[in-house]
Amino acid sequence: MISLSSVAIALTTVVGALALPSDQSVNLAARQAITSSQTGTNNGYYYSFWTNGAGSVSYSNGAAGQFSVNWANQGGGDFTCGKGWNPGKAQDISFSGTFTPNGNAYLSIYGWTTGPLVEYYILENFGSYNPGNGMTHVGTLTSDGSDYDIYKHTQVNQPSIVGTSTFDQYWSIRKNKRSSGTVTTANHFSAWASHGMNLGSHNYQILSVEGYQSSGSASMTVSAGSSSSGGSGSGSGSGSGSGSGSGSQTTTAGSSTGTGTGSGSGSGSGGSGGNCAAQWGQCGGQGWNGPTCCSSGTCKASNQWYSQCL
């Protein structure tokens, strides 16, 4: 996972910190303080905690998707922690709680993909430093009640989930900061793809709290909504022709029309346009249980895990 010192001038060592923990898979039945790096499962959620060992930081897992952390890292300390899923996916993620940093810290939906290797952030709140200041701005997105600035940044020879590598970071940084709400991740994944920023197969995905040379506290709860999709409607139509021609149909969300052409006999019928994903929405992939049709555009596979309406 990324060290907050990573991007641009103010961020020099960076990312992949969450990739560094040894592969300890610890099932914790009771709440307990964690002060050394580890990953595991707790109450049905994947969790990850990493610290560089400087300063003071204490992480605790709570019931279901709840976790808390207190830190005082002014002397060079760096940590990242949170709960979520492994693997992640395009899904609506709800979160709530308190995030009270004093200095440089992030609250984000954070994850990795492979093929290509990508580290991504949907940054919902941050402390004294906006990491976008050191990255390349590629566009904007409006989602979940706010505009987000989209950035891309390349990490060269930095820690990652597959070891030291060169890889891209994708960022969406929310303009109206918040500590509670729902993130429609498919909107971000689709917006990134529209700028040529494609994801691969999902690795872990968590609600993350990070702090670098700062102090503060956070108590957060994360939960999953439905897999992200969009667009609904219904319609019916029919078409007929005489002679040996053929019928054709056009269906859009909410309405459809059918036409028949030719000099023989033919017919076409328009079907339902309901329950189809909107443009940029997810429409397929391994394990996907949502809509597999598109109300606009064509369903195209990005990889075995993710197809979207383009």
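Placement of Cβ uses the backbone N, Cα and C atoms for every residue, glycine included.
Marked as active site, nucleophile by Swiss-Prot on the basis of sequence analysis: E119. As annotated by Swiss-Prot, active site, proton donor applies to E210, with the evidence given as sequence analysis. What Swiss-Prot records for 218-227, 247-256 is compositional bias 'Low complexity'. Here Swiss-Prot flags 228-246, 257-274 as compositional bias 'Gly residues'. The domain 'GH11' annotation in Swiss-Prot covers 33-223. Per Swiss-Prot, domain 'CBM1' is recorded for 275-310. According to Swiss-Prot, the region 'Disordered' annotation covers 218-274. Taken from Swiss-Prot, the feature signal peptide covers 1-19, and the record attributes it to sequence analysis.
E119 (active site, nucleophile) carries a strand DSSP state (E or B). Around E119 (active site, nucleophile), a 10 Å sphere centred on its CB holds 28 further CB atoms from the protein chains shown.
The Cβ of E210 (active site, proton donor) has 30 other Cβ atoms within 10 Å, all protein chains considered. E119 (active site, nucleophile) and E210 (active site, proton donor) have their C-alpha atoms 15 Å apart, to the nearest angstrom.
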